[in-house]
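Visitor: Have a look at the structure that comes next, please.
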Amino acid sequence: MRAVLTWRDKAEHCINDIAFKPDGTQLILAAGNRLLVYDTSDGTLLQPLKGHKDTVYCVAYAKDGKRFASGSADKSIIIWTSKLEGILKYTHNDSIQCVSYNPVTHQLASCSSSDFGLWSPEQKSISKHKSSSKIICCSWTNDGQYLALGMFNGIISIRNKNGEEKVKIERPGGSLSPVWSICWNPSREEHNDILAVADWGQKLSFYQLSGKQIGKDRVLNFDPCCISYFTKGEYILLGGSDKQVSLFTKDGVRLGTVGEQNSWVWTCRVKPDSNYVVVGCQDGTISFYQLIFSTVHGLYKDRYAYRDSMTDVIVQHLITEQKVRMKCKELVKKIAIYRNRLAIQLPEKILIYELYSEDSSDMHYRVKERIVKKFECNLLVVCANHIILCQILKIFVDNLFAIILLKQATAVRCLDMSASRKKLAVVDENDTCLVYDIDTKELLFQEPNANSVAWNTQCEDMLCFSGGGYLNIKASTFPVHRQKLQGFVVGYNGSKIFCLHVFSISAVEVPQSAPMYQYLDRKMFKEAYQIACLGVTDTDWHELAMEALEGLDFETAKKAFIRVRDLRYLELISSIEERKKRGETNKDLFLADVFSYQGKFHEAAKLYKRSGHENLALEMYTDLRMFEYVKDFLGSGDPKEIKMLITKQADWARNIKEPKAAVEMYISAGEHVKAIEICGHHGWVDMLIDIARKLDKAEREPLLLCATYLKKLDSPDYAAETYLKMGDLKSLVQLHVETQRWDEAFALGEKHPEFKDDIYVPYAQWLAENDRFEEAQQAFHKAGRQREAVQVLEQLTDNAVAESRFNDAAYYYWMLSMQCLDIAQADPAQKDVMLGKFHHFQRLAELYHAYHAIHRHTEDPFSVHGPETLFNISRFLLHSLPKDTPSGISKVKILFTLAKQSKALGAYRLARHAYDKLQGLYIPARFQKSIELGTLTIRAKPFHDSEELVPLCYRCSTNNPLLNNLGNVCINCRQPFVFSASSYDVLHLVEFCLEEGITDEEAISLIDLEAPRPKREDRQRETINNSSQILQLVETKDSMGDEDPFTAKLSFEQGGSEFVPVMVSRLVLRSMSRRDVIIKRWPPPLRWQYFRSLLPDASITMCPSCFQMFHSEDYELLVLQHGCCPYCRRRKDDPGP
């Protein structure tokens, strides 16, 4: 630290006090009975202020700089503005000793010999407080809450803003040690308020706000008259009877002298926020100094040690930015650092530190040795085992004989040796940097405008030097690379340059791009790689890799590409190295591969051609889609290669989303499949049709692909055209089936029966999926899929029964029976089983058909059937039902209908029987009341049936009971009754069979002969009585002998319990009339059934499909109502079986 006098002036009187304006532009001095205002920049006296009548002892500026106050021996206080105008004056009872402004508010503390006052602009009067002793000095805390008063009797009183005493500090010397100056530390970084106290006991002490002393008293050996802190509180100024101003640390350690004077120093102050100090003396001298704190530091590689707060040493790791502080508590004069050693020179001793470990990042130091001796030296150097103190004439070292490396003609300002100690760089007094070879003493080169120099510790041939505001980097003998930089170069490690600027050192990251490119220009790849390792950008690494690759220095290129993680080029280098191991030595070929990777395709093609590998050039161009260059390269070459080129060009057009161009190219190259795939993918039907029509029918694969895409694109007509061109009828059938073009499919099936299954089975499945089960059944049947047809019908039947659609159930059972008959006809192995099922399903169809009327009658109040019909149906069902009642048929409903209709028609006995039967069955609640009532009322009816209802057997003319235990057969002849399928009354038909040896065809021919029989001659006789008219038929004897042969067969008495059918001969057949015979012409393997009508005038109609019998009038009415047979649903316009 050294003090430089900036300006000096002298007043006529003693300088009692000084105050700076907060912005530092003005200086107010109390001298004599006047205030002197100075300009701090050059010491010009701006204006003397007169206002006091006696000596002015004190002056203080407000924190905001708007006003200041002065106190005088005339007992008055004057408030002045910053424009040097007095605005207020008030007085005390004694002379004013000191004044101080609150740093937070405008409150002013003024102290006299007997009291102190507190005044602020807000209050009209001054608050005064008595004092037990003369107040010499005062100071406010930083927060403005407390005021410390220093008294002549050695007591320090700490008061609050209201003047109340909070803390009282008694100094050991008492009245013998008057407290002459006090000041609070202005630093806001301190956790506690610290008060510095200087008394005339020649001691400096520090106290906390609580009154607790900090540390011990420090002996001054002079009477202090003033004490002042620097703005940030890091240093203290003290002046007094020793006629000088001394600089202390904030802890009271003396650092040095600011300036020696000719008389006592009465006051000293620090200019705000600066290192300028003003000193006022008893003889009126005013001195303005600038304090220059010199930098004390040391540097070794990436460790930098420097002085902080004059007494501390901070070691900073420039790479990791770690710092460690060592408190020496004395003035640090010199610092030296080397490897793991640190030397610190203090005024009376030298401390040697060492690191705890050899770790390069370790920052923990410990004291190794202390050298307690006072040295005066200009430079301190520490080595591994010694320290060197450099003075002007001598160097103290263990070797008395110094070695002369070389002699320099001019004075040396700075020097540095290279890492290998083979080169020496010197900066002389002419600012020239000279580089020597130490072994040969040869001057290698020199550079101007240098003030400091440093070798790179990681690269032998690189150094940097600074000067003229620029940083210069020089590699080998290449030209200097220059960039702007302020300060001095003190170190160079890798890519980091350590620069000292003003008082701090910083690490500057400098890319080593420029020297690297200098090496690259000369194809010195290994040296360029070494420079790059010091620190360059990724772009520089990539450029190095490329240059080395083009120079075929694969080792350097590989390492550089690894740094930038370029796997593509690393694969290239790896493949080239493998080829070299296999014995390849053609450098042109290697370089061609490099150029192709770099995008220099034309150069690569030339090298490929020169090395005799034209095929590689062709492959490269085609892969890159540079087809025009390929054509130029090929010229008029092989047609196969040209075709291959067109194909690749089409592939490229396809990849770059130019599909139409790709299609045209594929077609021209004969790649029809790829062209079709593109057209199909984009839905271009027109182009597909065009391609299909141009293709030859022998080219099945592309034609088939065309048809497939046309089918997908909903163009079945064009797809069919393509299949026809190919002659692929099976695919055509599949197309019609998939597109549900059934008419076309059926037409094709007619021409080609082998596709019958392929058409009708999908058609049936489609019908079934669309709930058209009847048609589906027929289609399955047509396709020969009898099993599927039966399954569909069985499912339909089950559904109809479950949903109480008994007429549909009857229809489906009839269809099932016919299916079974077809199977029996087609498959002899299943004949017996299928015939059994046929008869079973026929029986179920009859039952459900009859039960439909019963169900409608019981569920629907508006029945379409008359009582006699319902009566006949219920009797028919009662006699026909097997032991296991079919699903869905209710015996309760049948008996209830029978009872109800029997009662209505006069069959009371049968009604009573039905009601009795109902008592043993579970009766639904809705029928319960009606049945109970009917059971009671029937008891009142006679126990017999009406004779009109009794059925007649037309074979034996026997009257059968209404309740027949044998079922629907005659109790006498066992002849089965033939019922009408609508009214269910017994028809006048008798079934007969043919004698052995008569075929159906012969029987038909005999019946058709219809031989005439003589007519009977009947005579009538009419008798009229009073009450009646009687008509009698009288037969002659001749006529009785001419009887019908068939009738003669019927007159035979049945004696046994077994049924004997009516057997007819040829003679009988010949006598029959075609009108009287009804034939059920069952298909094989069933036999035809023959029925003879005994009442030819009563017409009977048989459905030609289901062979059910009806009264002709009933049948015609039902067909008109339903448009079809009520049993088998054969439409009237359908052809017969």
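Glycine is no exception: its Cβ is also placed from the backbone N, Cα and C atoms.
Features from TrEMBL:
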DOMAIN    2-188  domain 'IFT122 first beta-propeller'
REPEAT    49-80  repeat 'WD'
DOMAIN    189-292  domain 'IFT122 first beta-propeller'
DOMAIN    391-504  domain 'IFT122 second beta-propeller'
DOMAIN    512-892  domain 'Intraflagellar transport protein 122 homolog TPR'
DOMAIN    946-990  domain 'IFT122 zinc ribbon'
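I'm curious about the neighbourhood of these features; can you describe it?
Guide: Long-range contacts of the repeat 'WD' (49-80) within the same chain: residues 13, 16-23, 28-37, 86-104, 106, 108, 110, 112, 117, 119, each at least 6 residues beyond the stretch ends and with a Cβ under 8 Å from a Cβ of the stretch.
The domain 'IFT122 second beta-propeller' (391-504) scores a mean pLDDT of 80 in the predicted structure.
Per-class residue totals from DSSP over the domain 'IFT122 zinc ribbon' (946-990), listed helix then strand then coil: 3 helix, 8 strand, 34 coil.
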Visitor: Mind checking how the repeat 'WD' (49-80) divides into helix, strand and coil residues in DSSP?
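Guide: Secondary-structure breakdown of the repeat 'WD' (49-80): 0 helix, 19 strand, 13 coil.
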Visitor: May I ask for the residues of the chain that lie six or more residues beyond the domain 'IFT122 zinc ribbon' (946-990) and have a Cβ under 8 Å from a Cβ within it?
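Guide: Here the qualifying positions are 849-850, 868-869, 871-873, 875-876, 879-880, 902, 905-907, 909-910, 913, 1050, 1053-1054, 1057-1060, 1062, 1078, 1091-1095, 1098, 1100, 1108-1111, 1114-1115, 1118, 1126-1127.
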Visitor: With DSSP as the reference, give the number of residues of the domain 'IFT122 first beta-propeller' (189-292) in helix, strand and coil.
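Guide: Summed over the domain 'IFT122 first beta-propeller' (189-292), the classes give 0 helix, 60 strand, 44 coil.
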